[in-house]
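Colleague: Before anything else, here's the structure in question.
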Amino acid sequence: MFGFRVLPGFLLFLTVMFVVGPQNERVDALCLIIASTLSYAAYRKFTGRRSCVSFGRIKISFNRLLWLCGYNVLLYLVFSKLFAMFVAHGQRPDVDNIPALSLGMLVRIQGIINGCLTGIPLFYKIYRIIRRPSFLLTFLRAIAEQCKGNIGVYGVISWCILLFFLMFFLTSPDNLDVFFSIYSLILLFPLMLWGAIKIGHLFTMLVWTIVLIILGKHNDSYIASDVNFMLHQALVSTLIFVFSLTIVIMGVLAKFTRQRFNQALLLGLTDPMTGMANLRALKTELFTTERATVCLIQIPELELFSRRYGFHFRARYQKILAEHLRRHLVKSEKVYYHAGYDLLIRLENGTWERLCDLYQAANSFRLFYNNHRLGFRSGLGYCLINDLSDDIYQLVGKLGMVAGLSLTNGRPENLEAQHSRILGNHIVDKTEIRTALQNALDNNAFVLMAQPIVSTHGEAPYHEILIRMLNERGEFIPPNSFLPVAHDAGLAPDIDLWVIENTLKFMRNHPQHCFSINLAPVTVCRSNIVMKITQLLHDYAVEPQRIIFEITEADTLSDKEQTVETLRLIRQLGCRVAIDDFGTGFASHARLMNIEADILKIDGSFIRRITESEISYYIVESFCRVAEMKKMQVVAEFVENATIQACLEKMNVGWLQGYHIGKPTPLFTLESQGASS
């Protein structure tokens, strides 16, 4: 604490010792001061500015043990022997006649080490309290912090009672019982070691130092005063040295281990990018909360901007938004980071007014970034939690769906509301369908259906291939239920290739059939799809002219150059291309000018009302004229009765498809049928 500023005090002490002190103590004092000064200089050399930090730090404790204890004792031993040999030869028989490793020197060395291990920390704290009395409160708080969470008050009291009895045995004179001997000193070791680990090294080392002072005062109570007194004293000194060293090391290691454990625990409850508490921290705190409202703020647009500006932009936006939202919270409420593009908030009192306030705050927030003022729409889903009986991860997932609904409705949405419960069931259905899709792909469990498309001019019919999937009960799942899930999961291209391969496998053995196969928009956008189709046609020896690929018109119009290139290559291969659901996209006539196709399939929404709506009739008629100009064949879908069929034949539509023409049947039922291609 004082460094080399204590040297004048050392000189004053030496002066007093040489004037009034006993002659046999002058050399010891001089050797101790020289050894202490040199060892401290070496200690400062290797530790620098950190030499004055408080005791108990693992990085500095090794240097203190090495230089202030080991090196200090070694120098003292060297200077003592040098003085005995060259300076005080014949003047100090007690030093001159003691071998380097005698019992007396061993006791003296271990006494110095024990003093360095225990005395220096004690008097360091005493000096600091004298200089600054407020350090006493700091020291007591540090002791309480080390005890916190490790052992209760009753544990400390029990430990103190055991220590009191052992000290009573050790300081009671003239008793021959085994507990009133060195045996109780040995029992001190596990007690103090347990205290260093559980209570903390600060309190334990303070008590241990006081214990050593008392034991030194009453050493005749537990050391037998006989001819072997020096041997017993050396043994006790060695025990105390080993005890002190072990207690210091274990106390420091226990503190270090506890700190690392707390740091690891904190890291497990903190997001490394934002430094915010994470979902695990929310789960931990909800277990200790009787009632709370959990809110999820969803910002889906962050995904797009994260692709543009990088992952750090998302983390920065969420962190600054969290700071903005904390202004609307009380001290005990908290904002949590959730992986993805969401934030979680725990409210103690989630009134509708506060929820609306948070919703407004999230949507009004603006971030200045890269010379732009950015703001994103946010959705807020919330629910009341009385006890955490449900899985928090599943709960947050449902809150995410509710937050998406909030984006649409423009207000906070409650998970407990009726429509939210229906939404939750929908989530379960989607997950089950997703699992069934993957199983069907892995096990070839899809079912191919064929629906006839007939000509109004007597040409040979062909069939459209439709895919169906069975649930666990053997019931068909509607295509509009599993195809959107397949698209979201990225499985649409795999399903399309499965359909193509299994259709070609059937066509290899039935050359009389022609088929129309649907391709998802995402499949058409893949640059290697034509290469795979070419390979499959070659593998199954099927003529390309027998295949028609249907592309959904509405999605095709949103594709880029790759769509046009894919359609060109498919036609160049020899296959025909049909535009499916024509009329559902915007500017259908204008965009049709940029797409080369062979067949135009008019969407069933127009065909179904063609006999009832004059507008639908003229729309279909205009589609037919455009197709005639482009030299494209026309297929009318959803022909459900004879009246619609007659109207379409009058309109000179070339091909008809619908339940009135023929319902979808399993593909294998066509084996007995013959149809010319």
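Backbone N, Cα and C define each Cβ position, glycine as well.
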Colleague: Which residue range, 100-124, 175-199, is the one TrEMBL calls transmembrane segment?
Modeller: 100-124
Colleague: Near the transmembrane segment (151-172), which same-chain residues lie under 8 Å Cβ to Cβ, leaving out any that are not at least 6 residues past its ends?
Modeller: 179-180, 184-185, 187-188, 191, 194-195, 198-199, 207, 211, 214-215, 218, 221-222
Colleague: Are there residues at least six beyond either end of the transmembrane segment (230-253) with Cβ under 8 Å to its Cβ atoms? List them, or say none.
Modeller: 56-58, 61, 65, 103-104, 106-107, 110-111, 113-114, 117-118, 182, 185-186, 188-189, 192-193, 196-197, 200-201, 204-205, 208, 212, 215, 219, 222-224
Colleague: When you scan the chain for residues with a C-beta under 8 Å from the transmembrane segment (65-88), skipping those not six or more beyond its ends, what do you find?
Modeller: 27-28, 30-32, 34-36, 38-40, 42-43, 46, 95-96, 100, 105, 109, 112-113, 116-117, 120, 245, 248
Colleague: Who are the long-range neighbours of the transmembrane segment (202-218) in its own chain, taking Cβ under 8 Å and residues 6 or more past its ends?
Modeller: 55-56, 114, 118-119, 121-122, 125, 139, 142-143, 146-147, 163, 167, 170-171, 173, 185, 188, 192, 195-196, 240, 243-244, 247-248, 251
